[in-house]
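Would you mind keeping the following structure in view while I ask a few things?
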């Protein structure tokens, strides 16, 4: 069955009511309990029932082991162990699945038990969705859900959503979330015109909807034109009522349904402000292109630092090293963005402020954080160390060739590239590359066009390193240059609007690089700007709420923690009438 073959009569327009499936699927059993259950069930069947059962399936009938069916299917477990008259029958009819497909559903959990990842196509996953949900086979159903969600496109997402409403609420929720994320593409390709009225109203009232404010009214107007008055009457009323609402803070120039939360954001932690370490945590709203102070009401000791390292790894915000005005830190703090809990991690082998840091994945996909150089309060460092957050362990790696503090670091092709910096006497013009497989540093093949310390670097397409700003010993720099690892040469790129050192930079998407804060040679600055890699032009952005240097920025994309940072309420007043 192709998903395009689903007729409208087969599709639900709202989530199904809670059923026995929903109640049973919410009860998780440990593997140990299920393994223990198997011999008990086998013994029970041997004493009271035939060990096999004949199933009359879609295309033929076949004999199966009762214990095997019950072990992987809640449906068969209840059927064979209940006191119903049919429980002891040797024959059962299940017309919605063929024998090969039932064998495939039974093979999926067996493959996982052997450490093998199954491989089925999107088409087969769609075909197996209904029978796996009907038979309440939780492991195959979870896997099928993952396969479908990994293959969603703007062309199939609406039909798959409607199919999911019929059979599996968990899948429907995930596909809905994907529609919210992909809606700008649905708009650009006009696929959204096939949405039903209640579906489009539901999307427009979702605060997470990924749609530019300038396009919001066009979506409604074009959808109404595309559909008959009978189909669009409620949509016209909905638009008339809600587009006349007062201007929203995230889109003052356009008529919009409601305030929306951006899918992507830049979060600024720490830094050095006029009165010491910056206390405010700021977030950049990519919808409104402005900074705003956010509430971060978690009492986490020493998470606010300057000249520190910071990474987001597997939903953990990891802060290490740095300076608070009186001491250099050796400590590590981990904050779980999902559970909102924090804990202290292992100490580094050295105190490190002015530290450069980056992350890579080892050959097993395990994330590793590297802290390179810095200052321990007495001298600049050439040492480097690696943090395995899963094991909560810092391990020393090979030393760099030169002492470096306030350098720039970036990950390219799973190697650590450290550039520029200060050794206590000289500002560096060259860089080094660390190969984690060989545990060796080797120099870059050429030097930058100018010496730089207090600079920042970003990776472009995992092949090109872009280094920005800094201090050359005489003045703050507005220049930037790129180094292509394949070519081994440096090339100039357009200059910043504001010369700065000790600032932060990050790449939001494949086309935009953001910089903020720093020291401009006269004072700490609150200015920020963005480079559009397509036009190769810098654009000035609104200022941060306070001037700060030595700050660190991270990006969060489609993350639940953004709900807390932006704190945009669910505007239930919009939909109560509908």
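Using the three backbone atoms N, Cα and C, a Cβ is placed for every residue, glycine included.
Below are the features I grabbed from Swiss-Prot:
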- 51-118: domain 'BTB' (DOMAIN)
- 158-236: domain 'BACK' (DOMAIN)
- 265-315: repeat 'Kelch 1' (REPEAT)
- 316-362: repeat 'Kelch 2' (REPEAT)
- 368-414: repeat 'Kelch 3' (REPEAT)
- 416-462: repeat 'Kelch 4' (REPEAT)
- 464-510: repeat 'Kelch 5' (REPEAT)
- 512-558: repeat 'Kelch 6' (REPEAT)
Would you list the DSSP helix, strand and coil counts for the residues of the repeat 'Kelch 5' (464-510)?
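Its residues fall into 0 helix, 22 strand, 25 coil.
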Tell me, roughly as an integer, the mean pLDDT over the repeat 'Kelch 6' (512-558).
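Value for the repeat 'Kelch 6' (512-558), mean pLDDT as a whole number: 96.
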Where, among 265-315, 368-414, 416-462, do we find the most CB pairs under 8 A to the repeat 'Kelch 6' (512-558)?
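Counting Cβ pairs under 8 Å, the winner is 265-315.
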